[in-house]
Amino acid sequence: MADVAFRLAAPSRRLTSGAVAGALVLASAYLLPPLVGSTYLFEAILLPFLALSLAGLGLNLLTGYAGQLSLGSAAFMAVGAYAAFNFDLRVPGLPFVGSLILGGLSAAAVGLAFGLPSLRLRGFYLAVSTLAAQFFVQWALNKFDWFSNGSASGVVRAPDIVLAGHVIDGPVERYLFALTVVVAATLFAVRLANSQTGRNFIAVRDNETAARIVGVPVLRTKLVAFAVSSFIIGVAGALWSFAYLRTIEPAGFNLDRSFQILFIVIIGGLASIRGAFFGAALIVVLPLALSRLGQAAFGGAFDSGVLELSQRVLLGALIIAFLIAEPKGLVALADRARARALRPFLKPPYGG
Amino acid sequence: MSTSTIAAPRAATEGARAADASAPALEVAGVSLAFGGVTALTGVDLKVAEGEIFSVIGPNGAGKSSLINVVSGLYRPNAGCVLIGRKSFAAVPAAALASLGVARTFQNLALFNGLDVAGNVAMGLAHQDRTGLFGQIVGSPGARAEEARSLVTEILAFIELTAIADRAPGTLPYGVRKRVELARALVSRPKLLLLDEPMAGMNAAEKADMVRFVRAARDRWGATVVLIEHDIGVVMEISDRIAVLDHGRKIADGAPAEVRDDKGVIDAYLGVAHDDDEIPLELAGAA
């Protein structure tokens, strides 16, 4: 889907089958959970899944496509959440969607500023410099209580999401709202990945010198990657706070969160739109499944401390396993499985 | 060796080109380059006429790649200047190279492995894209995209890559990847094409194909070609003129026959021990 670079002669089959699959996924995402889902499904699984998927999607544009490693994702989420809160609070008459977009734009501005070192630094050194964003933003949010409207702890209750006079209330409505935002952002990301800018991202990642020689504006491309990525991550932060947690707190956007989003991208699959969703699904479901399994196997001995520990061990092992065995992540596994399943029905792709 | 360090005019006007059709496509004047204490080029002068296939040869470490890197703006020379068309540069701006009508290939492959073959070739047109980000997201591909597509299609057909247009470069044999890089350089119809060892590591059949493509770059698309190549047989066959570098200095410059019989050139080749598998002068007439 997003891996398509420059379809030349036969865009038809892959594109249409992708569109059909996308439409099916969309339809079931909108229709199935409201019909069959429990509150638990929405609150514990679907809402965090959507917010984390969106954050992973944003980071994947930066790290997967443009090759710029960032450890500041949670900081950009925090900027998006707190900026949306403040726009909602301080600009009377601004619709919530406006606050959401302005929150994203604020995150983009901060992302742009912290992306400036990418013009000189690469890889590990750049990653360390993006850590500065992580610590600076958390410090600023704790230091200046203006951001949290005077709350000493920095924790504030998220205001209601209001759309055209209608208060988005209850898990199902919040889910549908978050889903719509994620769908819009995903369409944007797909378009971007297949545009000239998206190909410039890949060119800068794969060979910066060659990219420069063919006339890719390398510096501008990197900054665009930081801005667009931070915008999406900022919106994800707002969803996380407004639609999922219903509170906004700096502690939720700590370094652990940044790593979690990086793991989502690595496990799901770098430079793939679907990868973020696969990775987020695993990250969200893993602790729940582990808890159930542990309870079933060990009963009371499997308390929350053991759960936390075993979860970290398992996640660490998974990341190492993926980096060694399948650096392209769950997406590559899924594609292989599908190819194997479909093989009897399809002609060979490169006509004999 | 005349080390004429010309204080050249900064940027001659574009309009002047039409007036003087015989201006060289590329001129390198007194270029010296050193990395710390190591000298790579010393006072190198070259003039490449428009429509020429001009080869630069020399033993390993003679400074051939350094020269190409200076011309394409990856290295900034310590002295001298580079004239592309009628524009003179103390340091060629690499980011504007494609807009100047210059394309190049690299000695070690420099393909974009995340893009398929057609995508790599299309990147050769990246400098022409002026659509803003918003337009790219919201707009539909316009006339320019159609034109780009047809250019890519044409060059893929010509370099015989159509059948593998949607393959990832990483899955292709080395010789084919070299051809993809040539296609990426050719797709923008450059006035000046710099090829850094395009035939290295190829077998005889692949080399023959490459010779055909390089000739066509000149004959069909009017590119002036500057070629670095170790296979002397190919160089003798294909070149209009040849310059020989040794230890960063130009030791000969002329038609293939002149260069072949030049005493200094023979000494440079035979006097330098090679530990690689290339025995250049033996291969005259091959390919």
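Glycine too: its Cβ is placed from the backbone N, Cα and C atoms.
Automated prediction, rather than curation, is the source of TrEMBL annotations.
If you look up TrEMBL, you'll see A:41-62 (among others) marked as transmembrane segment. Within the same chain, residues 33, 68, 70, 73, 76-77, 171-172, 174-175, 178-179, 181-182, 185-186, 189, 192-193, 201, 225-226, 228-237, 239-240, 243-244, 260-262, 264-265, 268, 270-273, 275-277, 279-281, 283-285, 288 sit at least 6 positions outside the transmembrane segment (A:41-62) and bring their C-beta atoms closer than 8 Å to a C-beta of that stretch.
Distant neighbours of the transmembrane segment (A:93-116): 68, 72, 75-77, 79-85, 87, 129-130, 132-133, 137, 161-164, 181, 222-223, 225-235, 237-238; these residues of the same chain sit at least 6 beyond its ends, with a Cβ under 8 Å from one of its Cβ atoms. Marked as transmembrane segment by TrEMBL: A:93-116 (among others).
The transmembrane segment annotation in TrEMBL covers A:123-141 (among others). Counting residues 6+ beyond its ends, the transmembrane segment (A:123-141) has Cβ neighbours under 8 Å at 68-72, 74-76, 78-79, 82, 110-111, 114, 117, 147-148, 154, 250, 253-255, 258 in the same chain.
Annotated transmembrane segment per TrEMBL: A:175-193 (among others), in sequence order. Sequence-remote contacts of a segment are chain residues at least 6 beyond its ends whose Cβ falls under 8 Å from one of its Cβ atoms, and for the transmembrane segment (A:175-193) they are 1-2, 26, 29-30, 33-34, 37, 42, 46-47, 50-51, 53-54, 57-58, 61, 65, 100, 161, 163, 168, 201, 228, 232, 235, 239, 243-244, 273.
Beyond the transmembrane segment (A:223-245), the same-chain residues lying 6 or more positions past its ends with a Cβ under 8 Å from any Cβ of the stretch are 43, 47-48, 50-52, 54-55, 57-59, 61-62, 65-66, 68, 70, 73-74, 76-81, 83-85, 99-101, 103-112, 114-116, 118-119, 158-159, 161, 168, 174-175, 177-178, 181-182, 185, 188-189, 192, 197, 201, 204, 252-253, 261. As annotated by TrEMBL, transmembrane segment applies to A:223-245 (among others).
Per TrEMBL, the feature transmembrane segment maps to A:257-273 (among others).
The transmembrane segment feature in TrEMBL is assigned to A:280-302 (among others). Same-chain residues lying 6 or more positions outside the transmembrane segment (A:280-302) and placing a CB less than 8 Å from one of its CB atoms are 44-45, 48-49, 52-53, 56, 260, 263-264, 267-268, 310-311, 314-315, 318, 330.
Beyond the transmembrane segment (A:314-334), the same-chain residues lying 6 or more positions past its ends with a Cβ under 8 Å from any Cβ of the stretch are 263, 266-270, 272, 274-275, 278-279, 282-283, 286, 290. Annotation source TrEMBL lists transmembrane segment at A:314-334 (among others).
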